[in-house]
Amino acid sequence: MNSIKIIPRKLKGVVDIPPSKSISHRAIICAGLSEGKSIIENMIFSDDISATIEGIKSFGVDLEFKKAKETYDVLVNGKGKVDLINDIIDCRESGSTLRFLIPIALMQNKEVTFVGRGKLCERPLDVYYKLFKQKGIEFRNENGRLPLKVKGPIMSGTYEVEGNISSQFITGLLFVLPLLDGDSKIIITTNLESKGYVDLTLDVLKSFGIEIVNDNYRQFLIKGNQRYKATHFKVEGDYSQAAFWLTAGVLGEEVVCRNLNLNSLQGDRVIIDIIKAMGGNITIEGQSLISNTSNSKGIVVDVSQCPDLTPIITVLAALSNGTTRIVNARRLRIKESDRLKAIATELNKLGAEVLEFEDGLVINGKEMLDGGVVDSWNDHRIAMALAIASIRCKKPVIIQNYDCVKKSYPNFFEHFKELGGEVYE
Ligand SMILES: O=C(O)C1=C[C@@H](OP(=O)(O)O)[C@@H](O)[C@H](O)C1
Ligand SMILES: C=C(OP(=O)(O)O)C(=O)O
């Protein structure tokens, strides 16, 4: 088992925020579906992005990688259609890869097998299964788990989708319906959670020449026979990752986050408002966000539109004055781990007071935590959140299974050290 020991230190300094994972997935897919050469600037090869890259290659897309300082430029040569060259797609542990690539596999009529690892094998796909039954699309799985075999073709038409299980099903359909013969409509049958991710999809699609009409998130109207246009695309910084460093600044000393688009459509940009509402000090200087030592306080946070922020908000809450309530968080249980249980259990081991409820958490904040041995539950966001909690622990924090951070942020602990963190692997 891999573990890391962190000696409590206040972090301070400048961090270049890595490129957005969500936007990177979308850009690779859109470039892969275009005819001709696209360039995607500012990419890193986290495990999830590597899974999408390998997946898109299976559809006959060529990619080349050019190193540019800490990141890469990716040259993508698409054929404008799916030309299956490998019929087994390993999505590793990436929900986005799985749910985005399934509809693409259905654009041709050979069977494709999707495999995965860890918790991904049991993360829900029922939204697709229900649609496949309605549309006569063949699929087979092992008791609802991966591996999943699917066989196209998918046709244009009306797709009724629940919006409160995962927005990733909507994104998956939005990639392929514009390419089909005939117009389509996606009707959202419940309230839509994670709206910001659908906004990101529509925005990246637009950059690649695909137009979708968003009727107030109740339905999406999609003209058929559209074509993706190869383009030069730059991936902006990731607010879900910046959230860790912005919180580190509030709990420690001044942390400057560079490489963020201050007008980004990323739903997790709301971390700025959440930290400020908790009394955290965040300012803007040029293109950077600066967070600084503050006395934070408990509030009520609705995470239905920003689920990925929950672990780090819980850390801030555990070290704030008073009580914080995290509400509308049920979907956190179907991510890489049961994130409500994982963060409550592990922060309590460090001496925090976190109560777990069916669809939320109640956190009674403390000035300091004790420290101790915790586990990541093989979940990158739990590992990173626990690392930030160490800033205000009295004794060292040992995180077991810490290397899962590579799922989204392979150099997280390098950045942690650059900010003055003392860690022993
Ligand atoms: O579309 C995306 O890039 C994502 C959507 C969200 O999932 P849900 O829509 O399932 O909440 C988020 O949790 C995930 O990390 C990335
Ligand atoms: C839930 C996440 O990703 P995915 O759903 O793509 O596995 C995440 O990055 O926190």
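Placed from the backbone N, Cα and C atoms, the Cβ positions cover glycine too.
Note that TrEMBL annotation is computational and uncurated.
Taken verbatim from TrEMBL:
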- 8-415: domain 'Enolpyruvate transferase' (DOMAIN)
- Lys21, Ser22, Arg26, Ser166, Ser167, Gln168, Ser194, Asp308, Lys335: 3-phosphoshikimate binding site (BINDING)
- Lys21, Gly95, Arg123, Gln168, Arg339, Arg381, Lys407: phosphoenolpyruvate binding site (BINDING)
- Asp308: active site, proton acceptor (ACT_SITE)
Among the phosphoenolpyruvate-binding set Lys21, Gly95, Arg123, Gln168, Arg339, Arg381, Lys407, as the record gives it, the longest Cα-Cα distance in Å: 19
Annotated binding-site residues Lys21, Arg26, Arg123, Arg339, Arg381, Lys407, filtered by Cβ under 6 Å to ligand 1: none
Residue pair Lys407 (phosphoenolpyruvate binding site), Lys21 (3-phosphoshikimate binding site) - Cα distance, angstrom, rounded: 10
From Gly95, Arg123, Gln168, Asp308: recorded positions whose CA lies within 10 A of Lys335 (3-phosphoshikimate binding site): Gly95, Arg123, Asp308
Mapped DSSP class for Arg339 (phosphoenolpyruvate binding site), helix or strand or coil: helix
Sparsest-packed among the binding-site residues, when each Cβ's other Cβ atoms within 10 Å are tallied, from Lys21, Arg26, Arg123, Arg339, Arg381: Arg123
Pairwise Cα distance for Arg26 (3-phosphoshikimate binding site)/Arg123 (phosphoenolpyruvate binding site) [Å, integer]: 20
Binding-site residues close to ligand 2 - of Arg26, Arg123, Ser167, Ser194, Arg339, only those whose C-beta is under 6 Å away: none
Nearest of the recorded positions (Lys21, Ser194, Asp308) to Gln168 (phosphoenolpyruvate binding site) - Cα to Cα: Ser194
Close recorded positions near Arg381 (phosphoenolpyruvate binding site), where close means Cα within 10 Å, chosen from Lys21, Ser167, Ser194, Asp308: Asp308
Surrounding CB atoms that lie within 10 Å of the CB of Ser167 (3-phosphoshikimate binding site), all protein chains: 27
Neighbour tally for Lys335 (3-phosphoshikimate binding site), based on other Cβ positions within 10 Å of its Cβ: 21
Packing count at Asp308 (active site, proton acceptor) (other Cβ atoms within 10 Å of its Cβ): 25
